[in-house]
């Protein structure tokens, strides 16, 4: 991104995990100590799915191919004031689209060293505790529920078929999520 080019206020979050429930988190080089799943901003003209595939390859070295799962959920959250200069004037919110990449087993991860310094495979509770992002915690919880063979209603196999598009909007006045369907 050039100094004159502004970021789109749209991004992806891709939860990478194994079928056994091991979740990949990576530590950002800046800010140090900030752990997250794969994330990135959409380039001009790029779809969320293409962005998700590109970011997975760039940040982990994994080729997702057709394995990306659109979780059909997005969240709208306020952009941290220190980062707003990257966006057009008066842009205060970012829309984040959620995806998952569920692997049969752990794979060799080749980090983008300019973005991440370390990675770990963790259980869902460990990953949810370590990540510095509430949206990342919610997305990990969502994917963990898909890995559970018994869905929320107690019916085997229902999790993957009940994915529907939802949007969560954060009202900064109340600091709470409001679900929209």
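In case you wondered, yes, glycine gets a Cβ from its N, Cα and C as well.
Unlike curated entries, TrEMBL annotations are predicted automatically.
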The Mg(2+) site in TrEMBL includes 55, 59. Which of 5, 96, 115 is also listed there?
115
Substrate site partner of 7, 39, 133 (as recorded in TrEMBL), chosen from 19, 28, 49, 120:
28
If you measure every Cα to Cα pair among 7, 28, 39, 133, the residues listed for substrate, what is the largest value in Å?
20
Which value does the mean pLDDT take for the domain 'Nudix hydrolase' (7-144) in this predicted structure?
95
On the DSSP side of things, how many residues of the domain 'Nudix hydrolase' (7-144) fall into helix, strand and coil, could you say?
40 helix, 51 strand, 47 coil
Of all the binding-site residues given, 7, 28, which residue's CB has the most CB neighbours within 10 A?
7
With every protein chain in view, how many other Cβ atoms are within 10 Å of the Cβ of residue 133 (substrate binding site)?
17
